[in-house]
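According to TrEMBL:
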BINDING   R55, T56, R105, H139, Q142, G267, P268  carbamoyl phosphate binding site
BINDING   K83, R172, R226  L-aspartate binding site
DOMAIN    2-152  domain 'Aspartate/ornithine carbamoyltransferase carbamoyl-P binding'
DOMAIN    159-303  domain 'Aspartate/ornithine carbamoyltransferase Asp/Orn-binding'
Amino acid sequence: MRHLLSTEGLSSAQATELLDEAERFEQALTGREVRKLPTLRGRTVMTVFYENSTRTRVSFETAGKWMSADVINVSASSSSVGKGESLRDTAMTLRAIGADALIVRHPASGAAQQIAQWTEGRDGTGPSVINAGDGMHEHPTQALLDALTLRQRLGSLQDRRVAIVGDILHSRVARSNAHLLSTLGAEVVLVAPPTLLPVGVEAWPVTVSSDFDAELPAVDAVMMLRVQAERMNGGFFPSAREYSVRYGLSERRMGLLGDDAVILHPGPMLRGMEIGFSVADAPAATVLEQVRNGVHVRMAVLFRLLVGTEQSGVSQ
Ligand code: CP
């Protein structure tokens, strides 16, 4: 694997290997006073974020540092992007400086793929590109950390039923999860108002429902999504109030879930709208486990892309 741009097309074997490697990193670091492995010593990893982030950017930085890589953070607001430099020129500049990996978040769908094409030399050299969220398209490491969290809570994902709920239209998390979870054997149902479903959703490996209450008793997991008001151009249909009443995971709705069902949210959360104030802190909720797994998943991804598949990163 040279780049990680999407979960669509990732095989079950490739995904499982990344999840297994993430767990090996977790085990290798557990209980250590000094969380530092030599795995990526001498490698240069650059994060290039054109949109805000807390979890993804910081966990990639943490992952790189825990593996001894040199990690450099480039934020669009303080770089020459603010002087009008193009995405291509920025990417080529970072390649010329010596990036071994470019971790990219950008509001345009396809931006990471485009950077991977631009930065690949004629001789096949160039940095590995990791998509850290491209517009409304994909967020593959989020789906991998979600799958790892589900696997740890539920065991195998085979034939597990997962509801992904809310603003599917604007959600790269939903698309990446729909593909990855179904590849790993889960049944995925999207629960959303018709106005917040994307054109072409019929081609996704999912079923669709608009009756949240009816779905809850039958699911093993419910994944709530962030409402992406910043992508709605000021309009929001249904209204925030109606959305909360029909698609929010309230305390009452949590009571409709089975005893062993789990609740995910990628964050950041809008408590009181997408998810009840106390629901996100319930024992069934995995929000902070997801965040913690994000570091190990990103270690696994960096290792597999920069070193290869012949060995485990923890045996370096
Ligand atoms: N889940 C997620 O991508 O969060 P951030 O926007 O904080 O990175």
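All positions are counted from 1 along the displayed chain.
Cβ atoms here come from the backbone N, Cα and C positions, even for glycine.
All TrEMBL annotations are machine predictions without curation.
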- Item | Three-class DSSP secondary structure - R172 (L-aspartate binding site) | helix
- Message: As a check: which entries in K83, R105, R172, R226, the binding-site residues, place their Cβ less than 6 Å from an atom of ligand 1?
- Response: none
- Return the residue, from the listed binding-site residues R55, K83, with the maximum count of other C-beta atoms within 10 angstroms of its C-beta. R55
- Message: In the three-state scheme derived from DSSP, which category covers H139 (carbamoyl phosphate binding site)?
- Response: coil
- Task: Would you give the longest CA-CA distance, in whole angstrom, between residues of K83, R172, R226, the set recorded as binding L-aspartate?
- Result: 32
- Near G267 (carbamoyl phosphate binding site), meaning Cα within 10 Å, which of K83, R172, R226 (binding-site residues)? R226
- Can you tell me how far the Cα of R226 (L-aspartate binding site) sits from the Cα of R105 (carbamoyl phosphate binding site), in Å? 17
- Query: At the Cα level, what's the spacing in Å between R172 (L-aspartate binding site) and R105 (carbamoyl phosphate binding site), rounded?
  - Reply: 11
- Message: Of the binding-site residues T56, R105, H139, Q142, which one has its Cα closest to the Cα of K83 (L-aspartate binding site)?
- Response: R105
- Message: Quick check: with R55, T56, R105, H139, Q142, G267, P268 left out, which same-chain residues have Cβ atoms within 8 Å of the centroid of the carbamoyl phosphate site Cβ atoms?
- Response: S53, T54, A132, G133, V173, P266
- Message: Which secondary structure state does DSSP assign to R105 (carbamoyl phosphate binding site), in the simple three-class scheme?
- Response: strand
